[in-house]
Amino acid sequence: MVSRTDRSSSSTSKAVTSSPSTSSLSSAASSPSVSSSSSSSSVSAAGMTAVSTGPLTGSRKTWLVGADPDLRVPMREIVLTTGDTVVVYDTSGPYTDPGVTIDVRRGLPATRDSWIAQRGDTAPDERRTVPGTGASGPGTLGSGTPGSGTPGSGPLGLGGTDLDGRVRVPRRAVPGRPSITQLGYARRGQITREMEFVALREGLPVETVRAEIAAGRAVLPANVNHPESEPMAIGRAFLVKINANLGNSAVTSSIEEEVEKMVWATRWGADTVMDLSTGSDIALTREWIIRNAPVPVGTVPIYQALEKVGGRPEKLSWEVYRDTVIEQCEQGVDYMTVHAGVLLRYVPLTARRRTGIVSRGGSILASWCLAHHEENFLYTHFAELCEIFAAYDVTFSLGDGLRPGSIADANDEAQLAELATLGELTQVAWEHDVQVMIEGPGHVPMNKIEENVQLQRELCHDAPFYTLGPLTTDIAPGYDHITSAIGAAMIGWAGTAMLCYVTPKEHLGLPDRDDVKAGVIAYKIAAHAADLAKGHPGAQAWDDALSDARFEFRWADQFHLALDPDTARAFHDETLPAPAAKSAHFCSMCGPHFCSMKISHQVRAHAGGDGLDPAGHGADPAGDEAVTAGLREKAAEFNAAGNRIYLPVANS
């Protein structure tokens, strides 16, 4: 949702605001090559990098309040020098609210706890505690890796307790009661607090939110064990969302870095994050991210399951995977990528590909299928998996394990065979009232992008589409945030509901904090461009505000309205750093004499002097007379020249 107001206008919703940020403070982590945003550092556990806090430059926190004053939806309000404000969708959570003291050791406030408890259809499972860092055993969650630590060990001394030392008991559905999923509620005609929150946030009627979820065209990922998250919806009828991937690897990164990446990604606009950790301390890293995440968190459980069996795909089993999924459900993972469509008979279809199987999860399960010459255990146990997801309201993100990894492989037989199977599994999940979205490619040339969306809608019954890019060319390592943002904008316009970001490090290495920002900004541009093309209500208000500021040479407002205010200001100040340049009617591109907008103002002033409006029509009777007199003058010139249409060229 984007709205524009002025100081004299009245609003139908109450709003509470905090002070705008006017200074540029140092960020939590050093970034020598990129100017940081106006952020400060929060208090953190000993030895842990502080996370970024504070409002974006020129912005302040505001809240939309509906009929129920207890329901407050956070937004970002950009304050302009004219006294107007522009209110935009905000994913940053409490980290940009100067009135909140952030301590990552305690996690974020569990805002949804009371909503969940009041429904009375879930209860704490006293047999379980969260999290554990040692080997798994009855009643204890953990990575299950021998030697990975014991309760109380690890870099931050956690194990079997919540981040602030309290034992946390996970919730699950009360047996015998109706479905506790947002899909179940929506189908029964019940409007939840989460749906009300989304309606305010998107600027849509709450009945639209309920109906889209009930039809399976949208998902509202909201695990009952992640009460810290701020509800959001993913679907064609809503703003296009973006996801940012995080997570360590066996080679690099740490828990501290991944928590800061999560905060940094949501600061710049990530609607969800996925923890794709494959290195050490997978469970502990995930716990820290979830407890501090204001957005839904997704995972790929097969990664942790593989770690439990020593990294050997052939040693995997349904039992190991099932226990891993339950552990992650109890921690609060909101959606999980499940590669249940990688069937044994589809694996040979990839043999003639230029780049084979490029999905990590897809390759792991293909390897298992070939090692045992059995059908994928995620496919054969899918109904049981649905029952587990339904107990916690976890959303399926049905993985495209056979997605194309190169332009040459786009829309091939393997990709489309798996897509048809995902459509089959979608209906199975819906029978269990489990929410579903479908993952898509990948690497797709522009001429095949719309076809991908049409096939997905047809084969997967209009379930929301969630795509990685797609990259529209393979020739630009180091710039794949650009090659993929092109495809992302196009596929978002065609109907994709969420775009998984790609960073400049794609295909090259693990992204750092700067890469995360570059990827998020690129994808926010793509998503917003798609919203504009779709004609989403209110999407253009932000563009119009910036266009006005640009035409009126309000430089400070241009900076503040930018997706990245600090970079916009830094680029301007590289050549015109003086304070006087902030009121100049030109920039260093055209200089004082060739600025098209300055000349346009002069043309308007001249037209206005003749009583004309900017379009050249009479703004008043005197203006009409000026137009008539001008036409008569030109007619007289034509007659004086002998009524000739073509005149000889004059010699110089």
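Just so you know, glycine gets a Cβ as well, placed from its N, Cα and C.
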Check your understanding: N245, Y303, H339, S359, R360, G361, D400, G401, L402, R403, E439, Y466 bind substrate according to Swiss-Prot; which of M75, M195, M274 goes with them?
Key -> M274
Point to revise | Cα-Cα distance, maximum over N245, M274, Y303, H339, S359, R360, G361, D400, G401, L402, R403, E439, Y466, record's substrate binders, Å | key: 20
Review point. Across all protein chains in the structure, which of the binding-site residues Y303, Y466 has the highest Cβ count within 10 Å?
Key: Y466
Review point. Using DSSP, would you call H507 (Zn(2+) binding site) helix, strand or coil?
Key: coil
Exercise for review: Can you grab the distance from Y466 (substrate binding site) over to H507 (Zn(2+) binding site)? Cα atoms, rounded to a whole Å.
Suggested key: 20
**Study point:** Same chain, 6+ residues apart, C-beta under 8 Å of the C-beta of G361 (substrate binding site), given in sequence order
**Key:** V300, I302, Y303, T337, H339, V342, G399, G401
Point to revise | From N245, S359, R403: binding-site residues whose CA lies within 10 A of H443 (Zn(2+) binding site) | key: R403
Review point. Any idea what DSSP makes of G401 (substrate binding site), helix, strand or coil?
Key: coil
**Study point:** Separation of alpha carbons, H507 (Zn(2+) binding site) and S359 (substrate binding site) (Å)
**Key:** 12
Review point. Would you say which of the binding-site residues S359, G401, H443 has the most Cβ atoms within 10 Å of its own Cβ?
Key: G401
